[in-house]
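Asker: I'd like to ask some things about the structure below.
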């Protein structure tokens, strides 16, 4: 009746179904659409990205990086729904990292544990304390708030890989969205990080490593991820208490300003990143393996080993910034003996599970 009345009165209707009243303006396209159509196009676009990029093969074991936040919660729900609806034939698992941040991660992990029950997906939790012998609370107490995100980012990436190895999965999927990727393109330009700039827009990364990573939300706007679970998905919405001073935050604000002026700016930045061509004369770092833990590294020691050694020696600034010089001098400056407090059983990146 409402739809018919709207038609008779000449009221605005959903630009997709042309039947129901619009409930929202889609952030990505500015279309006026009803909520039912929004759910449909949101899920269909992610399905198309998965199919067109051949992200998965039937029978694969897939770990979903689950933090309890909106991105990973929506990813877990949508991927489990699409897996059922389109018969992907995937075995899905939730994988969480406990960084040891009191009042933040402990609360968000409770959300993930509820998601485990709600979605019927097995959950594996790995912790910094178990893997590295340190929690982020302990690290921040030692180093302060200035460089804490450097430690957390390096440790978290490796912790996810180690958790994925424990689960014996074929791929790891993360909830990185279009906004995240646009921010990363901008950050790599600002830092002159050519190596990362050449691969930061790839929808699949780490194919030369043991467990590739996929980003099904590569073209999905953060604002649409926020709208999607409104009122019916259980997720944790508090920001990390240690992140306000993160360098990425400044890039995020800039991207948001661009989006307000021109919503397509996010996709345009991603397209620019995809089209960058690195000069053949540019010397790229050669991928190898860390001599200490065996993890992928372009230096003798991976960044996680360098940072962790600094923590264990009471020299937390040892690995901050570019580590090339540190790796060149490690034989002089970072000699170890069997008795030195180091990683040993908590050796970062060791995959001999």
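The count begins at 1 with the first shown residue.
From the backbone N, Cα and C atoms, a Cβ is placed for every residue, glycine too.
Below are the features listed in TrEMBL for this protein:
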DOMAIN    62-202  domain 'tRNA(Ile)-lysidine/2-thiocytidine synthase N-terminal'
BINDING   65, 66, 67, 71, 97, 175, 180  ATP binding site
DOMAIN    288-318  domain 'Cytoplasmic tRNA 2-thiolation protein 1 C-terminal'
Asker: As a quick check of your reading of DSSP, tell me how many residues in the domain 'Cytoplasmic tRNA 2-thiolation protein 1 C-terminal' (288-318) are helical, how many are strand and how many are coil.
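Answerer: Residue counts in helix, strand and coil order: 13 helix, 4 strand, 14 coil.
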Asker: In the predicted model, what is the mean pLDDT computed over the domain 'Cytoplasmic tRNA 2-thiolation protein 1 C-terminal' (288-318)?
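Answerer: That stretch averages a pLDDT of 86.
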Asker: Given the binding-site residues 66, 97, which one is most crowded in terms of C-beta atoms within 10 angstroms?
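Answerer: Selected residue: 66.
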Asker: With an 8 Å cut-off on Cβ-Cβ distance and a minimum sequence separation of at least 6, pull the same-chain contacts of residue 67 (ATP binding site), or say none.
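Answerer: Same-chain residues close to residue 67 (ATP binding site) (Cβ under 8 Å, separated by 6 or more) are 96, 97, 108, 112, 175, 236.
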Asker: Run through the domain 'tRNA(Ile)-lysidine/2-thiocytidine synthase N-terminal' (62-202) and tell me, per DSSP, how many residues are helix, strand and coil.
Answerer: 82 helix, 20 strand, 39 coil
